[in-house]
Structure formats: C-alpha cells, structure tokens
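Encoded as structure tokens, the structure appears first; notes follow it.
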Amino acid sequence: MAQRQPHSPNQTLISITNDTESSSVVSNDNTNKGRSGDNSPGIEALCAIYITYAVIISVGILGNAILIKVFFKTKSMQTVPNIFITSLAFGDLLLLLTCVPVDATHYLAEGWLFGRIGCKVLSFIRLTSVGVSVFTLTILSADRYKAVVKPLERQPSNAILKTCIKAGCVWIVSMIFALPEAIFSNVYSFRDPNKNVTFESCTSYPVSKKLLQEIHSLLCFLVFYIIPLSIISVYYSLIARTLYKSTLNIPTEEQGHARKQIESRKRIARTVLVLVALFALCWLPNHLLYLYHSFTSQTYVDPSAMHFIFTIFSRVLAFSNSCVNPFALYWLSKTFQKHFKAQLFCCKAEQPEPPVADTSLTTLAVMGRVPGTGNMQMSEISVTSFPGCSVKQAEDRV
C-alpha cells in the first residue's frame, strides 16, 4: 500500500501573500488523486484549529464593526487619528471576511477549491489588507510626530477631509502593490520527486523557480515589514526626544497646564506605538518562516510535528493581528472604552457635564475709539471661559 502524505497548510512554502503554504496533494502515482497523509492532524488538533479560527473571525468582526460604528455615530470621535484607525479596521474586516475563512478550509478540504479567479482575487485582497495595515500605521506615526512637534498649531478647517484623502491614498498604494500579485498568481502543480507526489497550490510564481521564491519573500519582508517599521522607529525616536526636551523646558508658571498637554500627547503616541508593536509581533514569525523556506533547501513539506506547530502558530498569530486592535484601544482609551460598551450593550454613552470648577473668569483690556470725539479709550471686560473652548480643538482625541 502506498504511503499517504501529510495534509498540512505548508506543503510547499509559507507566504504572507499567496497560498503556496496551503497547497494540497493532487495525485500520487500509486494512490488515488487527492488523498492526504496518514500522519495528518488528528481530530483533536483539527477541532482546536477550527475553534481558534472561529474565535479570530467572530471576535475580530465584532470588535472592528463596533469600532467603525463608534466612529460614524459619535461626532466627538471623528478626529484625525481616529480616521486612520477606522481605515485600519476596514482593512482588518476585509481580511477576516475573506482570507481567514478561506485559509481555514485548507485543513479540511484537499486541493485548492476556489479556482484560478479565486486565487487571483484572494491573493490581491490579502496583500492589500497587509499593505493597508502597515502603511496606515506608518502615516499615523508621521501624524503623531507632527502633533508632538507642533502641539499648538491650529488645524485647518479641511483637516478631516485631507486626512480622509490620505487614508484613501493608502488604500490606492496598497492596491497598486498588490496588483502584480493578482496578475501573476495562478494555480500551479509541482512534483516532489522524493515522495512521488504531485502538489497543487495557489501562488504568484511557479514553485520550482527557486530564485523567484527568494526574490518574492525578500521583497515582501522589506516592503511590508522592514522599511515601514524602520520609518516608524525613526518617527518615534524623534517623538521621544521632543517629549524629553519639552519636559525639561516647562516654565514654572505654566507647569500644570503644560504637563497635562504633554501627558495627552504621550497617551496618543503610546496608543499608536502599541498598535505598531502588535503588528510587528504578530507578523514577524510568518515572515521568518517564509524566508526560511525560500532560502533553504527545505522546498517540500517538513513532516516534523514541531514544524507543523510553528506553521500553525505563525498563521494564527498573523491573522490575530486583525482582531486585536479594537481591544488594544479599549484598554488604552477610556473614551473609546465608554463608547465601545455603549455600542456593545446598545445603550447611550453618558455625556458628563463640565464641572463648574473648570470655568475661569478672565479680564481682557480692549482699546477702541470713542464715537464723536476721535479719542482712544481703554476699557476692561470680563470673559468666562469654559472647557472645550480653547484654540486647539479636540482633533487628537482617541
């Protein structure tokens, strides 16, 4: 009797942009077409995998949908950083609704189920979503740097419109980067001479072309990981330096107000930094595994249990990045936490009245010309200021 081959998600290569990692056995010279291996995952392992995928999909859809709803239904949350964060949520939803369920089918079905068109469309969506995530975080870091360096700069009246255009440009750039993936992706078959087995996979290059594998994996690692995170690191180094200097140069008479302002800027910058760290942590194992397969002689399936576990771990961790952002915001932002609870339990968020103690009476000197005399006269008027009436609007609220 012929030996059956292991059915695993990495029968060929691991890729963040295509389904070479999801290729399945098409035929064996000594067995029926489409049969998988005796050492395939047991029923317990498959149940654990599917439960994990189901949790990622359901929790991710719920969290991102509530985040988007909070943004559109709450006027005070429609700020510059929140526009980028909402765009991030749309990208995550796209991945959760398409690519994650498709990836889950690879553990149950044998062979690529979605045809040549499905291969191209899903490869395009996957890379677009990854691009939206990392490029949005990059431009959001640049925005936070500008907010820290020029905290008192009044935003133009069309700041929201400009930010929406920037977010749209991120999507366009991501689609442009993903377009070659859609053009060249196809369902390829290749043969493992060691086990006399033919594999089928959705990939952006013929799997037998070793040089193309290496170029593809290296470009993905550079464009969608190393370069954006390097730019973000530069911005956050400058943010840290600016905040440190501003802390040292606070005048004594303005210390209370200035420290509150610095704390607010630090809180928003910290929120963005957490989102960046989550992206870097979640996607690193998948990138490393893809590079390992591309630059080593390990072209075909590695039957070891450790390799299978690490493959599952890297994929689950990468997909988990699409569901953790709303909960990171819930943990970091009391404002978002309040609105998140209100939307989750279908109740109205409380809008606290400003305390009387926060109002202040200010005396202003006004000089004007006395009618009929032509003489200048100075008068004093009293102005009561209330919270929220400062020159700088709440455009940085998260």
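Any Cβ shown, glycine's included, is placed from N, Cα and C.
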Problem set entry | ASN18, ASN196 - the residue Swiss-Prot records as N-linked glycosylation site | ASN18
Exercise. Of the candidates CYS99, CYS119, CYS282, which does Swiss-Prot name as forming a disulfide with CYS202?
Worked result: CYS119
Exercise. With reference to Swiss-Prot, is THR105 found on the same side of the membrane as ILE312?
Worked result: yes
Problem set entry | Long-range environment of the transmembrane segment (313-332) - Cβ separation under 8 angstroms, sequence gap at least 6 | 9, 14, 16, 21, 52-53, 56, 59-60, 63-64, 66-67, 85, 88-89, 91-93, 95-96, 100, 103, 129, 133, 267, 270-271, 274-275, 278-279, 281-283, 285-286, 288-289, 340, 398
For this session: May I ask whether the transmembrane segment (220-240) has at least three C-beta pairs under 8 Å with the transmembrane segment (121-142), counting pairs 6 or more apart in sequence?
Result: yes
For this session: State the residues, same chain only, that lie 6 or more residues beyond the ends of the topological domain 'Cytoplasmic' (63-81) and have a CB under 8 A from a CB inside it; answer 'none' if no residue qualifies.
Result: 89-90, 92-93, 96, 140, 143-144, 155, 159-160, 163, 268, 271-272, 322-323, 325-327, 329, 335-336, 339-340, 343-344, 349, 394-398
For this session: Counting only CB pairs under 8 A, let me know which of 41-62, 163-183, 220-240, 272-292 has the most with the transmembrane segment (82-102).
Result: 41-62
Seminar exercise, completed: Top of the recorded positions CYS119, CYS202, CYS346 by count of other CB atoms within 10 A is CYS202
Problem set entry | Spatial neighbours of the transmembrane segment (41-62) far in sequence, C-beta under 8 Å, 6+ residues away | 7-8, 92-93, 96-97, 100-101, 103-104, 107-108, 308, 312, 316, 319-320, 322-323
